[in-house]
């Protein structure tokens, strides 16, 4: 059993982190890299509570919060990665030099090239010296740092060089006009709450959190219509319930992963014996179960990371419609329910790794011609992940299936919307079909190797590739035009919402509305009131005073 678990969670060949807890790893039957990760994440959860209580913006300066978050992050990095931790400082350092010295007109492109080149070198180094390993390594934090520095560079470009009317609502929200200081920059890229497992946090949101504006900003966004927020005392909602719920959920996911990953190990699909003994139906079943087990490993890491951020006071996203129930989902990276029970491939993608979805939308999808959006987005995502052939097989297949799903939905969905029973039947059927397509598409991502992935596909005759090809190249001719569909009155609001998730806004939206929709299906976010993001190009910049020094508005913690 211990050997099975070690094979699943990783080996130590390439790992350069601390060996202090090797005895505990041997006792538990886990690899030392995983034990170190668990220790640092649970320690981060404790320190996050201290950070929120004793280093609150009303008690200490922003510089103090920046410095302490940075120091803890550096310690965690060295503890988990040893000498390799030089790279978590090296990548942002190089990018910071570019940001401080280059023209804002081109800084976003230069930072993207530099960050991806640095990350790619580390990917290749790891792939050469530790091919096919599943152990924790430095590439994970570097991938998150790459997202941070590139999104920051695009925000600088938007704030310094573009006119307000040319920006989408999301770009307006994140645009900045003041270059970050060294302390602000390195605190943002290396803070302990999100160093090891994310999630991606945009620069302005992080600065609002450090300086104490985040509660006021999100409260104003949701309650502005009910009262004048600047005349009220704003109470900081407690994150305890959200933290407890997410920690429990993450531990449950860890147990599910350990249980089912031993029953359906992903590496079994590389064995000649498995290919020869597995029939058509069992191959599909194994694809689904093996990839489902692996997903729960990610659920554990992301839910725990979300809980750490919430415990430190970060992640408050306003209130529910009742104006009372707080939402702590600003930095949530996964919607487990939406993914596992999604009724189409595209909606599942939107519920998975939502921080990366927002990053891809910000740096690619919103900035390229629409006809190239899907392909370029999947291409950048594959490059960002690394150079294992399995990544590219998954993303190429995924892009193809997204296109096929769009055609199939428009061709068949309307025929099942006439009665509640037919709608429910359609949802159940599409949910099951999506599970099959998801396992079929994603197993190369975790299998990594080209030959093994191709053998599995050939074992099922690449049948879903053929189904997607027939749908895209033949059935698409039978899809009615949007105008014809509108005249027939069959375009439903649910379909319009699904189109938004894939970057096809509903009819009747203005340009700003279309571009402002977020990938994970959240409502349109706009800059609101004086507490929200300032406008760019020097127009209407309300001066924001620190919360601790405010005279008309007070933020208090429970």
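Positions of Cβ are set from backbone N, Cα and C atoms, glycine also.
Please treat TrEMBL annotations as automatic predictions, because they have not gone through curation.
Just so it is clear, the model here is predicted, and its values are computed rather than measured.
According to TrEMBL, the protein carries these features:
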| type | residues | note |
| --- | --- | --- |
| TRANSMEM | 34-55 | transmembrane segment |
| TRANSMEM | 67-86 | transmembrane segment |
| TRANSMEM | 106-124 | transmembrane segment |
| TRANSMEM | 247-266 | transmembrane segment |
| TRANSMEM | 278-296 | transmembrane segment |
| TRANSMEM | 390-408 | transmembrane segment |
| TRANSMEM | 428-450 | transmembrane segment |
| TRANSMEM | 456-479 | transmembrane segment |
| REGION | 486-558 | region 'Disordered' |
| COMPBIAS | 518-533 | compositional bias 'Low complexity' |
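Beyond the ends of the transmembrane segment (390-408), by six or more residues, the same chain brings 344-346, 349, 374-375, 378-379, 381-382, 437, 440-442, 444-450, 453, 464-465, 467-469, 471-472, 475-476, 479, 502, 504 to within a C-beta distance below 8 angstroms of the stretch. When Cβ distances are compared across the two stretches, the transmembrane segment (278-296) makes no contact with the transmembrane segment (67-86), since fewer than 3 pairs at least 6 residues apart fall below 8 angstroms. Under 8 Å from some Cβ of the transmembrane segment (428-450) lie the Cβ atoms of residues 132, 266-267, 269-270, 284, 287-292, 294, 341-345, 348, 388-391, 393-394, 397-398, 401, 456, 460, 464, all in the same chain and six or more residues away from its ends. Sequence-distant contacts of the transmembrane segment (106-124), counting only residues of its own chain at least 6 positions beyond either end whose CB sits under 8 Å from a CB of the stretch, comprise 87, 90-91, 94-95, 98-99, 138-139, 142-143, 145-146, 149-150, 152-154, 156-157, 363, 383-384, 386-387.
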